[in-house]
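Written out below as structure tokens is the structure these notes cover.
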Amino acid sequence: MYQTKGRITKQAHVEIPAGTYEEQHGREGFFGPVSHLYHRHPPTGWTRIEGECRPQAFYTNRVETSADRPTVLLENADVRLGVARRRGATPYFERNADGDELWFAHVGGGVLETDYGQLRFGVGDYLVIPRGTTYRFVGTDECFFFVIQSLGTRLRQPDRGLLGQYSLYDATAIRTPDLVPVTTQAEEYEVRVQREGKLTRIFYPFHPLDVTGWKGDLYPWALNIADFCPVMSHRAHLPPSVHVTLVGEGFVVCSFVPRPLEEAPGAQRVPFYHRNIDYDEVLFYHAGDFFSRDNITAGMLTLHPHGVHHGPHPKAIEKSWSKTHTDEYAVMVDTRRPLHVTDAARAVEWPEYHLSWR
């Protein structure tokens, strides 16, 4: 039963009572029961945090990447998040038997060669690679990827519901591989298969991508983040769940792209303070001006664990009034299970990030 107490707003995120800070306390991401609380102080106004449950930030550009598989930075039982570098033609082919993969091209471009043909990619492309696909990257220059590995479950497009099938991104924005004949030019070809996190090397006397035709509804595909159409309202700030781009079991992937800011008088123009208690929140910052976060640059990764408040930095609210639109590209991953930070991530951590709200 819905209740109201004390000073509140008629519409969430609009005309917040003077001298207060609105916080959203919700369950099940942004889909379950929710309340809005009006504080006299910013919920992120802590002086220090002792323990592991704290916001963290990482400089992924400094990660020592492996030539074999992506370097994992954050992981749980459902998903692994990491980074990878590829340059030129990878001298071997890859196959993930553990789950689907999503490679986001942060830097560079080239061709993804697969069983299904060749898929050309560039900066800002999402590359969806189904579980069991054999592939390799042929980069025209050095490529840097943010990599999401789903563990055992299929990546799928979100249910658009009342928005209609052409919302978020049109089917015609999706690119699929072109089948290109291959010839055997080497004595031996290597395929590295990842199964239960371990690599097995399989060798063939012929080119492993020797497919001459295919049919079906399972195949790799690409979507550029610039082709994502954000859902928005000029009257009130919407939750990040409206930007869901792909869905896995236990996690979602969202795209933040440039959009007009809210115009209605009194409407909040930055992400609201929230206590999203059922999900960890990860952001990979791709390009643009991340004005809601101080000292965050392209290529950084942040983790906001459930249990601690999320929200804009102190200067962001003031900055928002002089802006007419956002100018940022970022990939967000929300996970149902808590994420664990690997040693590779700790080696490139900005240790004072949790103090940056002061």
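Backbone N, Cα and C define each Cβ position, glycine as well.
Bear in mind that TrEMBL entries carry predicted annotations, made automatically and left uncurated.
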Which of H243, H310 belongs with H274, D280 in the Fe cation site listed by TrEMBL:
H310
Specify the nearest of the binding-site residues H274, D280, H310 to H237 (active site, proton acceptor), where nearness means the distance between Cα atoms.
H274
Which ones in the same chain are close to H310 (Fe cation binding site), with CB under 8 Å and 6+ residues apart in sequence?
T44, P55, P271, Y273, H274, R275, N276, E281, H304
In the predicted model, what is the mean pLDDT computed over the domain 'Homogentisate 1,2-dioxygenase N-terminal' (95-223)?
95
Could you check the recorded positions H237, H274 and say which one's CB has the fewest neighbouring CB atoms inside 10 Å?
H237
For D280 (Fe cation binding site), which residues of its chain lie six or more apart in sequence with Cβ-Cβ distance below 8 Å?
L303, H304, P305, H306, D334, T335, R337, P338, L339
